[in-house]
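Reading through the structure tokens given below for one structure.
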Amino acid sequence: MIRKMSKNVVVIGTQWGDEGKGKIVDWLAESVQGVVRFQGGHNAGHTLWINGKKTILRLIPSGIMHDGVTCFIGNGVVLSPEALLREIEELEAAGLDVRSRLQVSEICTLILPYHVAVDKAREARKGEGKIGTTGRGIGPAYEDKVARRALRVQDLFNPALFDEKLAEVLDYHNFVLTQYLGAEPVSANEVRDQAMALAPALAPMVRDVSSNLFALQQEGKNLLFEGAQGALLDVDHGTYPFVTSSNCVAGAASAGAGVGPQALQYVLGITKAYTTRVGSGPFPTELVDEIGTRLATIGKEFGSVTGRPRRCGWFDGAALKRSVRLNGISGLCITKLDVLDGLETIQLGVGYRVNGEFRDVLPYGAHAVAQAQAVLEELPGWTESTVGITEYSKLPVNARRYLERVAEVCGVPIDLVSTGPDRNETIVLRHPFKG
């Protein structure tokens, strides 16, 4: 059999999440037959604006908005059945066909009520020292996976095995809850009854996702792998311990979807024209003045899932350089360029001073990053609006110069520029699937 040629693209956030991946995945989905989520859980919200209507997706890939596109939730995702089914119902109420176009890996780790209880109790106990989790049980579920005590989607359809595994894992978590965290225990019967009640609705969507993705590749179908969070929140390469609990880098698409690394041919890095961060953790280019407030206000910088305000700062090119290296980024997509409209001057981070020495790439670990002082370069701003522009040549001259300097500092070309929330408000310099 001669294998047909397909092209597969990985979309990755290059900062601390919230870069605008959802819109770009939705836009790129016109060129694919499958969209795959490969890590994270329902802690990450992807916001889409379609013809002026706002849609927030937490678990379901953004390709669901396109007829004829099959969406996959890969094994690297930690899955709350309750959250998934609620999201499906919301989309169906809006008139979308979801269940016939969604496949869920049978080996996804389940998020169950005791994970949420542990997550919330830990954050409450830490007080001011908390990481800033969403309290949705993501971290504790990944802990169970690594400790080899997790319940998985396939266990929902073997009640005897489910009960056996639940008794073991709940014995551990209830000990932690009551003896260490000072919280109430979780009832095994309640966990079981809830899970078994949800299982029949989930069953028709449960598949061997890895095999089905392989089959699509053999047929020459294009695939899009949709990352959640951002590379600087990666559990290994991010500002540890102020990170998420999964690997957010492009390489995680292979393990988290069950495809070979040779299937990942192009990596698109999504980055804002400035920088934001939610929750705790070091942030070298953060602005705590009126400009930071202005960026947050104009950029509507509030979390799509939690509603938490985002911290804002100048674009950090040295942090992006780390992301470019980690992900093997082929090209960048710059989002929210319009938020910088009207600024007289714009600062761009090109490196750091660490113990008196210049560093041109983000150090590893939160302690080292906290010691780093951003080295900023000043560029002229622009007064003209960039909103809705779809041709690069029509951008203000200084906006083009800013983008060119960003590409130079990061060492990778800019292939796309998003000039508004709607999928059509996009400048294409090189199309990831067609270029």
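Using N, Cα and C of the backbone, Cβ positions are placed for all residues, glycine too.
For the IMP site, Swiss-Prot records D18, E19, G20, K21, N43, A44, G45, H46, T134, R148, Q229, R308, and the single candidate of T70, T244, T285, T293 listed with them is T244. Using CA atoms as reference points, the recorded positions H46, G307, P309 were checked against K23 (GTP binding site), and the closest is H46. A straight line from the CA of H46 (active site, proton donor) to the CA of T134 (IMP binding site) spans 15 Å. Separation of the C-alpha atoms of P309 (substrate binding site) and N43 (IMP binding site): 15 Å, rounded to the nearest whole number. For G20 (GTP binding site), the count of additional Cβ atoms within 10 Å of its Cβ stands at 19 [all protein chains shown]. Checked against Q229 (IMP binding site), the recorded positions D18, G20, G307, R310, L337 differ in C-alpha distance, with D18 being the nearest.
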